[in-house]
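Okay, so here's the structure we're looking at.
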Amino acid sequence: MSLFFLWLVTYYVGTLGTHTEIKRVAEEKVTLPCHHQLGLPEKDTLDIEWLLTDNEGNQKVVITYSSRHVYNNLTEEQKGRVAFASNFLAGDASLQIEPLKPSDEGRYTCKVKNSGRYVWSHVILKVLVRPSKPKCELEGEPTEGSDLTLQCESASGTKPIVYYWQRIREKEGEDEHLPPKSRIDYNNPGRVLLQNLTMASSGLYQCTAGNEAGKESCVVRVTVQYVQSIGMVAGAVTGIVAGALLIFLLIWLLIRRKSKERYEEEDRPNEIREDAEAPRARLVKPSSSSSGSRSSRSGSSSTRSTGNSASRSQRTLSSEAAPQPGLATQAYSLIGPEVRGSEPKKAHHTTLTKAETTLSTMPSQSRAFQTV
């Protein structure tokens, strides 16, 4: 009974074969093992077949040997990349794939048949993809006292991808660890929060993204700025603008003042005083033969003008006496007002006597006013 049970277990194992799991990186070469002892007695009846069941459950034939022929171009995806690794007739029916692609991942089955005997072996192939080069970014303003987030992410690669941040030592004595007040987001390991930035936080930071296939990294520089320096720059710019405006205003005022003074100087000679008093009399050249009589007429006219009203005096003073032509002497005398449109009349002896009497009786102040 025990011998029968041992034979049954041996037959079951030999029939179903073993399960093997292999991990390889994409673009590399892999060999899937499959060994048998069924080809030595009778080689003409030997059949070898490799099958692939992908992650979606679809099954396809990869390579076969039958009737002394090898068929290895059965699928378009693996055409020219699959072959038997060794002498399959001697008992090594291992499959070789080069180069590997992510689509090669799945469950491979090696089936060997000869004269009614079967050997099965199963290999689970996992194709690992290296992380793509991550992209390092900064979120926030790198100013003193603020918080800054370092972001790192790979677009492709076999999960899980592990991210690791560190500082790059640029000078002797610099620490490679992150600043003390740094927090890692465990829900998103590619994010690191730098809290309460100081000038010591400035430097070069490196992010490394890695998995079982390999790793890639990126770097980003953090330069912490003083908040005061930003305020000083803003104040300096404001001061420059205000100074420029002030200078422009002063220049404009000076130009305006000069223009006003020039305008006043040009208009000053043309001013006319409206309150100036009109001339009372005009000197003319009388003839020598009638100088005595004109003096008498002048005195008589002055006497008559004294008794007239103020309006007639103004009209009389504005009149002008025309000079007499053909005079030989150069003597001058005061002439009185003339009535428009009429010749001055000669004073009578009686009239002159009355005028002299009137002048003698007038106060001295009045006489002085009349003789002006």
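Here the Cβ of each residue, glycine as well, is placed from N, Cα and C on the backbone.
Here is what Swiss-Prot records for this protein:
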- 287-313: compositional bias 'Low complexity' (COMPBIAS)
- 352-361: compositional bias 'Low complexity' (COMPBIAS)
- 362-372: compositional bias 'Polar residues' (COMPBIAS)
- 18-126: domain 'Ig-like C2-type 1' (DOMAIN)
- 134-223: domain 'Ig-like C2-type 2' (DOMAIN)
- Asn73: N-linked glycosylation site (CARBOHYD)
- Asn196: N-linked glycosylation site (CARBOHYD)
- 263-372: region 'Disordered' (REGION)
- 1-17: signal peptide (SIGNAL)
- 18-234: topological domain 'Extracellular' (TOPO_DOM)
- 256-372: topological domain 'Cytoplasmic' (TOPO_DOM)
- 235-255: transmembrane segment (TRANSMEM)
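Cβ neighbour count for Asn73 (N-linked glycosylation site) (all protein chains, 10 Å cutoff from its Cβ): 12. If you average pLDDT over the topological domain 'Cytoplasmic' (256-372) in this model, you get 47. All protein chains considered, the CB of Asn196 (N-linked glycosylation site) has 13 other CB atoms within 10 Å. DSSP states for the domain 'Ig-like C2-type 1' (18-126), grouped as helix (H, G, I), strand (E, B) and coil, give 6 helix, 55 strand, 48 coil. Asn196 (N-linked glycosylation site) sits 63 Å from Asn73 (N-linked glycosylation site), taking the CA atoms of both as reference points.
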